[in-house]
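Annotation source TrEMBL lists compositional bias 'Polar residues' at 1-11. Residues or ranges marked as domain 'CBS' by TrEMBL: 59-125, 265-327, 352-410. Annotated region 'Disordered' per TrEMBL: 1-21, in sequence order.
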């Protein structure tokens, strides 16, 4: 479940990790800021002075890329195997000396895969099998929501719970799913807007893109060879912050209570949730519709949360057939149980599913950062003294409270971003 917070901190030891050294660089900048500046203004100035090239590379020191001729099925496997949520897509037809903007066509991510499964509404591919044995379920895969309705998978109905297994079994075994390539859909369906930073861009730019502008990850390109040499994620930023605990600039901000910083931003009334006896497909549909990355699973007839399902968890329905073989009725509860069993059998460590990670409004932002980093999770639910949900806090919420965007800061920065394709649904 990650490194315990007590060993992640480094408060009583000299900072040695790359992230901690980066924190010391910010500390040096903090000490020379004008005294009349507020802590937030000081942080903004510090992060504006640090280039993104200073951000430590991913632990593997290798950026995982997916070729444009990779099948959707293989793309899911690559993301799952490397335990990542997204990866840049390389155009296999681009010349070797192509610029980065011609080399990469977008980002493939689990969130996009969920959208494809639930809302892909283009006509069926010519490769789609039409045999009677698979026609209904494959039509669902090809036609998205309309196909799901036709197939009787109107989400929220009892019939959906009993047929979900058949749907995923037919989908993952279909030639349509196996043969559809990433580039086949990139022209009419953008997995995610592709925007890369240059190594000379600032930390402040990167932090704003990950918070206010809602990017899940930010690729950093080396203009010299036109290739991505780092991908900075929200999780990586939270880990950097955790490694900086104890430093003056961090403590001036991190010791504030969540309520002082206006957290949680999403209240209990607005938390998107699914009940344990509802189809797991309903959970993914809600995440897509409400544009959230995860939902709590609530006990039947009650208000207690018994688990959490996130967008990345769709990988288990696509890569672990035993889940829908063992549970023909894939309710949210059965999904949680099946995934736990699968992880135990395969001796895999995975962020918490069935155990809710919670905090209270009087916790500090520092407490929260250490918790998120130690457990390698993306959200924490805020509860009262009786355990009732009061809100949810995500990685993006935390980063958004770290910096603010100066007036006119981006200027024409977004002018060079690749335009969305015509008829794009994202």
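Placement of Cβ uses the backbone N, Cα and C atoms for every residue, glycine included.
Here the domain 'CBS' (352-410) is broken down by DSSP into helix, strand and coil counts: 17 helix, 14 strand, 28 coil. Confidence annotation: the domain 'CBS' (59-125) carries a mean pLDDT of 80 in the model. For the domain 'CBS' (265-327), residue counts in helix, strand and coil come to 28 helix, 16 strand, 19 coil, using DSSP.
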